[in-house]
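What TrEMBL annotates here:
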| type | residues | note |
| --- | --- | --- |
| DISULFID | Cys211-Cys232 | disulfide bond |
| DISULFID | Cys310-Cys331 | disulfide bond |
| DOMAIN | 46-158 | domain 'Ig-like' |
| DOMAIN | 165-260 | domain 'Link' |
| DOMAIN | 266-355 | domain 'Link' |
| SIGNAL | 1-15 | signal peptide |
Amino acid sequence: LPLLLKATLLRLASGSYHPFHNGFYYNHIMNDNGDGQDKVDYFNGARLVVETSRDPVYSYNGANVTLPCHYRYEPDLGPKRKIRIKWSKLRDDYTKEQDVMVAIGKTYMAFGDFKGRAHIHRAGRHEASLVISDVRLKDDGKYRCEVIDGLEDESDVVDLRLQGIVFPYQPPRGQYRLNFHEAEQVCQDQGAILANFNQLFQAWSEGLDWCNAGWLADGTVQYPIRLPRKPCGGVHLAPGIRSYGPRHRHLHRFDAFCFSSALKGEVFYLDHLAGMTLEEAKQSCQEAGAEIARVGQLYSAWKFLGLDRCSAGWLADGSVRYPIVTPRANCGPAEPGVRSFGFPRKGRFGVFCYRER
């Protein structure tokens, strides 16, 4: 090994160009035959291979999930070697990584929001799988499993997708009032996060049709159309996701597409004969050992728990809504969905409450 390193450094010093892999180790070393063909030299005489799941791994908010990753040598090197494992979370465009954890032997360190929630699953000889406990909404995305053995470094990517629901959101002030940062905040206020494109596309494929443009997590503005029509891009365009592309995050204003996943608790309905004001509704939830539900919690309960109630109720943002699983007379349109009465300044209604299990 020292002789090979010395020879390599001498060739580098001579001015020949030899590409780096990851800027960390030499993987492909150009031959000197002048025929444009590369050859691969592996310092330990074996090729390191890292593999993750080809299919997305699905989970939901509050669950525990394992992202599979295994490595091997070709040919096999026999006894287990002391290697370094690094997991990172990628942006959709692969331009930036967030450190999740690193591990050497039995010693590991998790970073940021993953502290106390991430560790390596070591059930097999060459396993580097990542276990994430108490999955959170923003954990959705692509993860890189990187295995480092001395000067060799190989990686593969696995996609974690949360089962959830996308819902459009307008604040009480009305349509197109949110810049990007305000859109992020209103989604968080409703127990959700800004949706990403994959989540919006999945919602569109399941039937979401919405003619108002909204922010997504990458700073683009888009909207899903199932039934082409004149006010929504024109009748001659095919169904799909309409895009305004990236917009100025401070100056431009639109609605928001929020994403919420399964609940750790339950949403239930309370009512009085004469109905309640918003403040009375909040108090009723507190007396029941709960809190007034947020919009994302109502959507999640409708989708994942089958909440069906043909009675309007207050929510935490001051809106009045009700969830319908089985459409019927006097309960709104003929499709399932969460109906909205907007943000009434006056009126007396029931209330939807949320309680942790």
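Including glycine, each Cβ sits where the backbone N, Cα and C put it.
If you measure from the Cα atom of Cys232 (disulfide bond) to that of Cys310 (disulfide bond), you get 30 Å. Look at the domain 'Ig-like' (46-158): DSSP puts its residues at 6 helix, 62 strand, 45 coil. Counting every protein chain shown, the Cβ of Cys211 (disulfide bond) has 14 other Cβ atoms within 10 Å. Cys310 (disulfide bond): 15 other CB atoms within 10 A of its CB, across all protein chains. Separation of the C-alpha atoms of Cys331 (disulfide bond) and Cys211 (disulfide bond): 23 Å, rounded to the nearest whole number. Cys331 (disulfide bond) counts 15 other C-beta atoms within 10 Å of its own C-beta, drawing on all protein chains shown. The two recorded residues, Cys211 (disulfide bond) and Cys310 (disulfide bond), have Cα atoms 25 Å apart. In the shown protein chains, 19 other C-beta atoms lie within 10 A of the C-beta of Cys232 (disulfide bond).
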